[in-house]
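*Asks:* So TrEMBL has the following annotated:
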DOMAIN    260-318  domain 'J'
TRANSMEM  7-25  transmembrane segment
TRANSMEM  31-50  transmembrane segment
TRANSMEM  89-111  transmembrane segment
TRANSMEM  131-159  transmembrane segment
TRANSMEM  180-199  transmembrane segment
Amino acid sequence: MAKRLLVAYGLWALGGPLGLHHLYLGRDSHALLWLLTLGGFGAGWLWDFWHLPRWVAAANGTGTPGDHSGTVPALSPLRLAGQVTVGTYFGLVAALGLPGVPALLAQPLAVGLGVQLVSSVGDQTADAPQTLAAAFLASLLFQGRVLAVLPASLAATIAAQRHRRYKPRGVPRPRLAARLYRLGLVSLAFAAPLAYHGLCGAAGVLGTLLALPRAAADVLLLPLRTGWLLAEILGFTGSSPGWERGDGFETSGWSERQQWAYEVLGLPAGASAEDVHRSYRELVKVWHPDHNRQRAEEAERRFIQLQEAYEELAGPRRP
């Protein structure tokens, strides 16, 4: 089916940064590059406006040069700059989105794929193994550091330029569904690590926002808590107020002996006198030595602890 220039310009205007006009013209590598870089960071999309007539003619088989087999494409400074830029960009994305993957694996692989993608735009391509090998070698020399993405991109670009060639002509083009499927998989592989990293960052921010009200309440109540603790130290009050126990503040007003007594009776710190009395009566029945003759020593020890805990909280028992 012949491609129409008007349709190409319409797709350029509506979805140019996503590479829709390149997909329409069968330039899948260019479409993928624009999709992952949002139109070559915007500048490439605007540059396409002047090249659309030539690309439409090439898609229709008119105005195309003859067979390039056996010849080497001319060196393009624009393609070279794009290879270095996109290779560096892909390497930084890998360092950000794949922190759990070893840098010596993720970063040079991403750099090499980015350089190779730019090399495959249009009617040219490059030797992918040579490009990836150069990226891995440069990254290894810099021990996989984040700053290694630039020299790795330069090395991969040089290797791609040395092994550049024209694509073979006459290769049948896959169906649109298969092309879209492959573009979708590559885009998902590129965006998934970034999406995961973004969700983790958003979860951390959300947790911080949810903790702000509690932190603000602690700051507002700090003078009151400080005054109460000072009053306890000076002996003006005997124990911490009830609102401290209810709001989760530490029961710093209770002595270690009192806290031990509450634990022996199985009660929370600050329990009422009725709860202390009821728990004491129930536990005394359970641990009375007369009811535990088979474990008399343990029963006697627990019985004495119960008496001491009850006297600590309720005062000496009446005879």
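Quick reminder: no glycine exception, Cβ is built from N, Cα and C everywhere.
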*Asks:* Under 8 Å, at least three CB pairs between the transmembrane segment (89-111) and the transmembrane segment (7-25) (pairs 6 or more apart)?
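*Replies:* No; fewer than 3 Cβ pairs under 8 Å.
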*Asks:* Kindly state the mean pLDDT of the domain 'J' (260-318) in the predicted structure.
*Replies:* 83
*Asks:* As a quick check of your reading of DSSP, tell me how many residues in the domain 'J' (260-318) are helical, how many are strand and how many are coil.
*Replies:* 45 helix, 0 strand, 14 coil
